[in-house]
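Annotated features, as they stand in TrEMBL:
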TRANSMEM  A:20-40  transmembrane segment
TRANSMEM  A:69-88  transmembrane segment
TRANSMEM  A:100-123  transmembrane segment
TRANSMEM  A:143-168  transmembrane segment
TRANSMEM  A:197-220  transmembrane segment
TRANSMEM  A:232-258  transmembrane segment
TRANSMEM  A:270-289  transmembrane segment
Amino acid sequence: MTMIFGVPLAVFMGQLMLGLINGAFYALLSLGLAVIFGLLKIVNFAHGAMYMLGAFAALLGLQTLGLNYWLALLLVPLLVGGLGMLIERYMLRRIAHLDHLYGLLLTFGLALIAEGTLINFFGVSGSSYPTPTALQGGYNLGFMFLPIYRAWVLLAALVVCLGTWFIIERTRLGAYLRAGTENSALMQAFGVNVPQLVTLTYGFGVALAAFAGVLAAPLYPVSPTMGSSLLIVVFAVVVIGGMGSILGAVLTGLGMGLVEGLTKVYYPEAANTVIFLVMVLVLLVRPAGLFGKEA
Amino acid sequence: MTFNRNTLVSSIALTATLMATGAQAQMSDNAVRIGYLADMSGTYRDLAGPGGLEALQMAVEDFGGEVNGAPIEVSSADDRNSADVGANTVREWFDTQNVDLVAGLVASSVVIAATKVIEDNNGLGIVSGSAASSITNEHCTPNHIHWVYDTYPLANGTAKAVVEQGGDTWFMLTADYAFGHALEADVTRVVEDNGGEIVGTIRHPFPTSDFSSYILQAQGSGAKIIGLANAGADTVNAISTASQFGVVQGGQQLAGLLIFLNDVHAMGLEDTQGLLLTTGWYWDMDDQSREWAERYFERTERMPTMVQAGIYSSTMHYLETVAEEGTDDPETIRAAMAERPVEDFFSRNGRIREDGRMVHDMYLARVKSPEESTGEWDVYEILSTIPAEEAFRPLAESQCELVTN
Amino acid sequence: MSHTTALTPAMKLQRRAKLRRNALYLVLIAIGLVAPFVAYPVFLMKVLCFALFACAFNLLLGYAGLLSFGHAAFLATGGYVTGFLLSSYPGLTPELGILAGTLAAVVLGALFGALAIRRQGIYFAMVTLALAQLVFFLFVQSPFTGGEDGLHGVPRGALFGLISLRSNLAMYYFVFAVFLIGFAIVQRAVHSPYGQVLKAIRENEPRAVSLGYNVDAYKLLAFVLSAGLAGLAGATKTLVFQLASLTDAHWHMSGEVILMTLLGGVGTLFGPVVGAGVVVSLQTQLAQSPLGNWVSVILGTIFVLCVLSFRSGIVGEIQKVVKKNFK
């Protein structure tokens with residue numbers, strides 16, 4: 001058997017695959033953060049809560065309305081995105097003229113409220129969301145058993161990430177968005193409705209988080225605390241990537257998934273720590289992050 | 001040294017109680033006060049939490065709300081799984097409210113901190129939630145009792161049964177902190193004593209949300225059994241991931257060492273069927289248990305966990321002892337509680353040992369398949385009983401000062 | 001007489017303000033001295049420890065404009081190091097234990113600071129958060145912290161080997177003294193020329209650079225000072241409760257100290273003290289009430305309200321009113 005650093009090749013390949021799948025979640029979440037940050041300059045601390053709300057909305061939709069997985073994948077991001085737009089319109093806009101740190105604090109408060117409220121109604125043990133029938137079972141790849149659902153997650157996340165990148169880099173809407181990031185006063189002067197653009201952007205970023213939440217529902221127990229621990233890791237991913245670039249967020253997300261996956265084989269004790277270590281190293285060499293512009 | 005100080009403090013307390021109450025009923029300030037301390041909003045909420053408080057109040061109501069004419073007053077607090085909040089609350093209860101019994105007590109860090117305060121104030125505590133066997137071992141005090149279960153019978157019950165059924169090669173997934181290490185050590189000992197072998201171990205960070213990598217490594221090990229030396233969300237995550245990766249279909253079995261009713265209920269039978277586990281009590285195990293559990297269900301719309309049932313059982317035992325002795329003096333009550341056998345819907349062949357451990361029969365259970373189950377809460381089949389005297393750590397191995405001195 | 005007439009009205013006003021402030025300090029110290037006879041001393045000690053923690057945090061946010069989301073790491077480091085040393089070396093006196101804990105936090109603060117001050121604003125917040133998370137994982141796994149169980153039974157010992165701190169009253173006065181020292185350090189730092197430069201950097205960093213100030217050195221010093229004081233608060237807290245646990249290292253704690261400062265008033269000297277008092281009382285009261293399960297929701301709501309419409313905090317709003325009516 002071929003061995004790579006004392007690990008059979010088959011196992012090694014399997015671990016890379018799993019790392020990539022985890023990385024897809026990091027990519028989706030850090031992409032949403034990057035989009036929001038680009039235009040609003042706010043670190044959305046409620047991003048984990050929105051991810052969690054996405055998973056919960058899918059679960060409740062299934063339990064009370066019989067909403068199936070595919071519809072949930074479509075509707076839940078719209079629903080949570082709508083909630084996000086309300087938050088932007090009635091809260092974040094009121095403090096937009098202030099130091100951006102206030103945005104971080106406000107969304108932190110919102111995250112506490114969302115998490116605490118759901119804990120009171122649903123407890124913390126979480127519930128399981130059934131894997132949709134079309135995606136049950138798995139492929140035998142020869143080197144590993146790959147559940148179909150995980151393959152789907154990777155595919156769906158990559159498609160959404162690329163789609164987002166396309167919208168932002170190649171469409172008129174995206175051009176407005178990028179221009180708004182650079183100079184919103186000038187955009188306003190050109191007749192672009194910047195406040196509306198901001199509301200849409202926040203809604204879209206939050207919808208990405210909710211989409212990731214629905215994707216995660218069949219994988220992990222749906223519980224009110226599922227978002228907050230993940231969020232901190234995603235923050236580190238964002239710092240490593242630098243906040244300037246959309247593609248940077250996606251690539252760093254996938255890359256960090258791989259790094260974490262390999263750590264789980266060679267030194268599992270450090271699996272939760274390794275991303276933070278990478279972050280420290282990157283900060284020492286490139287303070288603006290791998291893809292970031294010098295601030 | 002400690003012994004002298006304690007006796008001095010307690011005799012002062014006793015004299016004070018006697019002087020204060022005089023010829024009346026010997027209840028300190030004419031009331032029996034119970035403080036319920038538990039995690040009401042965090043990780044361990046569903047295990048004890050508000051449901052445990054409900055069980056406690058049920059016991060008080062069933063008892064009639066008073067002991068020999070003295071009213072029973074219940075206060076409760078959320079420790080938020082924080083040792084300093086827990087210790088501080090208990091200290092305040094003693095200093096300002098004269099609490100007679102501290103009940104609940106879940107997370108091990110909170111329990112160890114709280115029992116130290118209870119000892120300092122010569123009070124009485126009954127620990128129902130915590131898993132750590134150290135609570136009646138190196139952290140034992142003369143002022144607390146550990147009621148429901150601990151890691152020793154969990155490893156002893158589950159691991160022994162699994163090895164006897166032919167599961168003699170194990171791969172351990174251990175949470176990388178003190179609790180996980182202790183559980184792993186207990187399991188290793190039991191497996192090896194019974195002729196089995198540990199073929200591999202992974203220590204995963206605590207907490208971990210994605211177990212796929214570790215499950216894949218466990219699959220690659222070829223061990224017959226994957227032992228989960230972790231708890232709560234980690235165990236739940238590991239089990240549902242194992243189900244996604246077809247571990248059971250691949251011929252391997254999972255052995256969960258610390259699993260509660262609420263965990264199984266949350267995961268659903270599809271993912272958990274066939275899992276072997278050890279429990280201190282199950283609501284559907286006989287008529288007596290069913291009768292109580294159904295009354296509880298009417299109040300909360302959830303079936304009780306073994307911890308919630310244990311809270312009722314221990315509170316009842318305490319109140320009965322107080323009524324019989326006619327005093328709520330902690331030292332007298334602690335001694336009298338140990339003299340009375342614990343025999344109720346919860347506990348069979350129960351007695352309180354000198355280290356504070358309440359030993360009682362434990363049960364080996366198997367999680368039913370969805371086809372076998374007849375209802376939402378019909379999840380366990382009880383396979384066998386582990387007799388009280390075999391289940392828990394023998395006193396001969398104890399490091400508790402109350403035993404070794 | 002002739003001396004006073006030489007003063008301009010502005011100087012008079014300043015002098016009156018200073019007199020008023022000194023009088024206020026004296027009154028507050030007097031209140032602090034009699035407080036344990038009125039309120040529960042352990043509760044007061046908790047408030048004082050968190051007040052010191054919040055003051056340390058405010059030094060950074062309020063006067064240097066740096067939002068650290070990782071201050072829990074310093075609180076916990078101070079606590080663990082002090083707790084570990086005092087439990088392992090029975091001969092060690094409490095003040096030395098606290099000193100060691102504080103120094104450990106200073107060292108950690110220098111490490112954090114060197115990395116974090118390379119970035120500003122939001123980045124700074126996220127870098128400190130991520131670094132604190134790294135420290136949290138180390139604490140979970142290091143044997144000396146007791147992991148999930150925490151450190152227990154830390155002896156209070158005798159101050160300088162002479163005065164026993166076993167009684168809550170003796171302990172209270174010690175904590176009060178520690179708090180006053182910490183507060184005085186913050187007060188001195190803020191009102192010194194150093195504090196003025198910090199404020200200048202906060203208002204306009206490029207300008208401060210062009211004036212020739214070594215901005216990074218100023219920021220680093222503020223960070224290290226803040227970390228050290230946070231460590232001092234953690235070390236003292238460990239001695240009071242005789243335990244150290246992971247709660248102090250969790251990122252929720254970093255959020256709580258922000259809330260205390262924000263609620264009391266960012267950039268005011270007394271704001272963090274008032275904020276800490278309110279938050280700690282709220283937590284204590286709520287935890288034992290029927291609303292106990294809703295603590296985090298209520299804290300979150302306060303956060304949102306503070307940010308939306310109450311940004312000057314309690315002390316800040318009072319100052320506004322005072323300025324408007326008594327000028």
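Easy rule for this one: first residue shown is 1, then count along the chain.
Just so you know, glycine gets a Cβ as well, placed from its N, Cα and C.
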Same-chain residues near the transmembrane segment (A:270-289), Cβ under 8 Å, at least 6 residues beyond its ends: 233, 236-244, 248, 256, 259-260, 263-264, 295
Any contact between the transmembrane segment (A:232-258) and the transmembrane segment (A:100-123), i.e. 3 or more CB pairs below 8 Å with pairs at least 6 residues apart? no
When counting Cβ pairs under 8 Å to the transmembrane segment (A:197-220), the leader among A:20-40, A:69-88, A:100-123, A:143-168: A:69-88
What same-chain residues lie close to the transmembrane segment (A:20-40): Cβ under 8 Å, and 6 or more beyond its ends? 47, 51, 88, 92, 96, 100, 103, 150, 153-154, 157-158, 160-161, 164, 168, 177-178, 180-181, 184, 197-198, 201-202, 204-209, 211-212, 215-216, 230-231, 233-235, 237-238, 241, 243-246, 248-258, 260-261
Report, as numbers and ranges, which residues of the same chain sit near the transmembrane segment (A:143-168): CB under 8 Å and 6 or more residues beyond its ends. 9-11, 13-14, 17-18, 20-21, 24-25, 27-28, 31, 35, 73, 131-132, 135-137, 174, 177-178, 208, 211-212, 215, 218-219, 246-247, 250
